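Accompanying notes for the structure given below.
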Amino acid sequence: MSSEFSWFLACRVQDVPANGGVCVKYANTQIALFHFTRTGQWFATQNLCPHKHQMALSRGMIGSHAGEPKVACPFHKKTFSLKDGRCISDETECHIQTYPVRIEGDDIFIGFTAQPAFIQTSTH
Amino acid sequence: MKIVVIGNGMVGYKFCEKLRAKLPFEEAELIVFGEEPRVAYDRVHLTDYFTHASPNELEMQPRSWYNEQHIILYTGDPVVQIDRENKVVHSYKGREESYDYLVLATGSSAFVPPLPGIEKEGVFVYRTIEDLELIKDYAPKATQAAVMGGGLLGLEAAKALLDLGVQNTHVIEYASRLMPRQIDHNGHLVLQSKLAALGLEIHTNKAAIEITGAQAITGIQFADESTMELDLLIISAGIKPRDELAKLAGLETGSRGGIIVNDHMQTTDPHIFAIGECALHKGMIYGLVAPGYEMAEVAASTIIDEPIQFNGFDMSTKLKLIGVDVASFGDPFPPSTEFRAIVFEDSLQGIYKRINVSNDGKYLLGGILIGDAADYNMLLQTTKNKIQLPLNPQDILIGPRGEGAQNAGVQNLPNDAIVCSCESVTKGDIVAAVKNGHETFNAVKKCTKAGSCCGGCTPMVKDIIQYTMIAEGKYIRNVVCEHFQYSRQELFDLIKIKNLHAYDEVLDTYGHGDGCEICKPVISSIIASLWNDMILQKGNETAQDSNDRFLANIQKGGTYSVVPRIPGGEITPQKLAVIAAVAEKYNLYTKITGGQRIDMFGAHVNDLPNIWQELIAAGFESGHAYGKALRTVKSCVGSTWCRFGLHDSVSFAIRVEERYRGLRAPHKMKSAVSGCIRECAEAQSKDFGIIATDKGWNLYVCGNGGSKPQHAKLLAADLDSDTCIRYIDRFLMFYIKTADPLTRTATWLNKLDGGIEYLRNVVVNDSLGVAAELEASMQHLVDHYKCEWREVVENPALRKRFSHFVNAPAEKDPTVNFEQMRDQKRAVEWK
Ligand code: SRM
Ligand SMILES: Cc1cc2nc3c(=O)[nH]c(=O)nc-3n(C[C@H](O)[C@H](O)[C@H](O)COP(=O)(O)OP(=O)(O)OC[C@H]3O[C@@H](n4cnc5c(N)ncnc54)[C@H](O)[C@@H]3O)c2cc1C
Ligand code: SF4
Ligand code: FES
């Protein structure tokens, strides 16, 4: 695996509900981790919704828009691409941070480029 | 050819658009001077500036559009002189441009009466984005404000002041009534009482003579010697056409302002045109955008040598934004010998309608609508197209309502009826667009521009689309989303026939892709309505709407609310004590809800199972406040205590609530039972409501509170309790089977062909022969009810999902914050 990332052991496969998300505590930030069971894909993003700064994305419904994986915030249903973090439903909304995910056996790792203290959870 | 346009307002912009559509850039140079710093914006929706943060959203087109269209645009640079002899214009910043044709689209400015003191601080006009910026900044300092002028614009400005939070807002009108050019005295009275209810104080017959105050305004002195204290005043006393440049150039202008034009919009210099609010045509200034657009079309056509004529324009208008429907159409005040008026007035509901019918009773000449302008489009079209009236003209005022009725109207319109007057789009244009495959409102809007300006014609455009598709024999597919090519009703039947119990099975069988936040809740709701399985099992957990997934409503800050069921609103002191103890233990904010029960707010997701464990142990169960499900059945105290009570409404409410608790549906459902016609439980505002009569119960259905309140309609009268329940079973199951997603019963009924009579036939007379099946389906659901919170509390695997951090389940979300307020906590305000 690429050495530019430091990999953080987040949880195990069975801890994450099928086709859903969980919130991972990483130092003093929060990461949303999603599992698309149907296609075997994993995604990680910031847990903070940039719209009203709510720690909520991990509780959102996931799905696809024209084939692109996305999550809908539970608060006002703004949807974000899990590929590039772009807000799909509202061009003027901020992007969210995305992170790479690696699976080893049952273990799920999330990759970070910076030390925890430098991770930005807010885009505003 | 070289064309110069002076003024980049709505009409100047429209001229550019129309001209470019007729002449490509190779054939015509187009240069625009605008005085305002911004590119042309939508002045009609100026008031939206107060709600939309950015002025960009109001732009007619972004600046890049002008580049793409090869239009040179100089903003912030007014033209100061026209040299007609050399056909050159000179701008403020020293630019010089020659022209073959010159178009004046200089608009108008607000007319400010020359009163002493009018220049004081705190006095504003309402015309440009800059004006609104100034008002917005000043308003927080104001407690008493007024608008001078009770016309269309003045009322809009007054409502904006209210919305900006100014406590006391007045409207001052010189004439004896509001909107004197549009409505009559009786209409005025109805409008005035409606506005009073919104918080606006109306003063008519008031002539201001002086604005008082030192530096800033402190009040107004009136001719009748009265005064009014004020710290903010908006002047909306009419418009003054901007003809100063034209005058300077020696063009003929009217004595009360305006650049005189002929039927081709040419001024007294045939190379110079004037369009929009600065143009004076046959003694008339048109202060509306639609005639301005028509003038732009006439000028552009004349320039390319395909001259058409401007023949005057209808001044029909509908007031927007103010929260009260007001419309006038055609000629609201024809000469008294030429018409008969038909008036309908309902002072209780604040509705006033007047139509002016030709003496022979055949045609509609115009009219006034206040309080309910739903028929505006139809009446306007009937007037404009000289559609013959029915034998009893009053039928068009009080005849059958609802969508079906509107649709029938669309059918009778001739093809050349102008449906969107802003963009001059006819019914024929829309029908043609639909036939060419533009089958949604957005597609039609894009292709024809209908509905893209003031939006007033939107409902009618939608009706025409639907009517055309039906006429084409097209089955209107109301598909759920991109993942399912089926309507909700089709999916309901398919899931039932195939006996599917999980979202993923449905997606595998009938859909594609990964699903989304639209189809997941729809299908989860269908599955729940069919089988009443525990919603978090069989892999359906993450297919639930996020509130259903956590069996609680998410609140500001990310905490949840806890609402135990309190059937009929009846509760023992012991149970109240349990709620008090739980709320204290978990530090929850408590409030009595509008649905006769108690809501506890501010629970951490990790605490939810523990809270519910304690509540369930004390005999409570889920109140389904989070689900599209039965909410509450309110009751009044009824015959057990009340001296007027005819039957025991509390017992019946409890019976009803316990029968339908947990029942999931396309939208939430509410009910109430009142013990007599005094109606203390407000049953007639519910999805189904029951009122005691001396012979039994009256059953009302399809009422709604919310943003569009609607009274429930009587379905059946004087029923015994069991029959009443049977009818409710049938009614609810029929609704659940056939309604579109997120459609309350009221909206569903409005769309149902045949309306309440049809529904009554199905439910009471069993006209479809499905009554037994509907009752059986309901009985199945009733028999399979379980409290879903009890199941979570008792199931460790389900409980585990109620944690915030997957890798630190015992920890709470550290970002959750509360403040103190009136001895309880509240969520901190979000940014
Ligand atoms: C708590 C309560 C307000 C209160 O403090 O009194 C409330 C609170 C909410 N209401 Fe309500 N409504 C409450 C009574 C009402 C009533 C009055 C009534 O039921 O008698 C109405 C109007 C009657 C009606 O529905 O016809 C009402 C009309 C709405 C609507 C508009 C529905 C509509 O058809 O237009 C919504 C939005 C929606 O459902 O889509 C809504 C939505 C909401 C939501 C769920 C908004 C949300 O998604 O967060 C609120 C959060 C509740 C929570 O517990 O977190 N609430 N809401 C009331 C709970 C009643 C209960 O015991 O269950
Ligand atoms: C709050 C509000 C609500 C309204 N609501 C409605 C409604 O609901 N329905 C409706 O039909 N109408 C409504 N109107 C009226 C509608 O906005 C006008 O009819 C329309 O904007 C007129 O367009 P216009 O291009 O003629 O004038 P404007 O939009 O005023 O544009 C004229 C432009 O020319 C510029 N100009 C003037 N002189 C020069 C010069 N010498 N050189 C360069 N530029 C110059 C001005 O600065 C201005 O930008 C409303 C108006 C307001 C203010
Ligand atoms: S009225 Fe609006 S703010 Fe109040 S509870 Fe209902 S949804 Fe929330
Ligand atoms: S907080 Fe996420 S959409 Fe509003």
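The backbone N, Cα and C atoms fix where each Cβ goes, glycine too.
Annotated features, as they stand in TrEMBL:
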- B:CYS636, B:CYS642, B:CYS676, B:CYS680: [4Fe-4S] cluster binding site (BINDING)
- B:CYS680: siroheme binding site (BINDING)
- B:1-298: domain 'FAD/NAD(P)-binding' (DOMAIN)
- B:316-386: domain 'NADH-rubredoxin oxidoreductase C-terminal' (DOMAIN)
- B:418-466: domain 'BFD-like [2Fe-2S]-binding' (DOMAIN)
- B:555-617: domain 'Nitrite/Sulfite reductase ferredoxin-like' (DOMAIN)
- B:627-763: domain 'Nitrite/sulphite reductase 4Fe-4S' (DOMAIN)
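In terms of DSSP secondary structure, the domain 'Nitrite/Sulfite reductase ferredoxin-like' (B:555-617) contains 32 helix, 14 strand, 17 coil. The recorded stretches the domain 'BFD-like [2Fe-2S]-binding' (B:418-466) and the domain 'FAD/NAD(P)-binding' (B:1-298) share 3+ CB pairs below 8 A when only pairs 6 or more apart in sequence are counted, and are therefore in contact.
Residue counts of the domain 'NADH-rubredoxin oxidoreductase C-terminal' (B:316-386) by helix, strand and coil are 12 helix, 31 strand, 28 coil (DSSP-based). Counting residues of the domain 'BFD-like [2Fe-2S]-binding' (B:418-466) by DSSP class, helix then strand then coil, yields 26 helix, 5 strand, 18 coil. Secondary structure counts, DSSP: the domain 'Nitrite/sulphite reductase 4Fe-4S' (B:627-763) has 52 helix, 33 strand, 52 coil. Sparsest Cβ environment among the binding-site residues B:CYS642, B:CYS680 (other Cβ atoms counted within 10 Å): B:CYS642.
The record gives B:CYS636, B:CYS642, B:CYS676, B:CYS680 for [4Fe-4S] cluster. Within 8 Å of the mean position of their Cβ atoms, the other Cβ atoms in that chain belong to B:VAL637, B:GLY638, B:PHE644, B:GLY645, B:SER649, B:SER674, B:GLY675, B:ARG678, B:GLU679, B:ALA681. Mean per-residue pLDDT, taken over the domain 'FAD/NAD(P)-binding' (B:1-298), amounts to 94.
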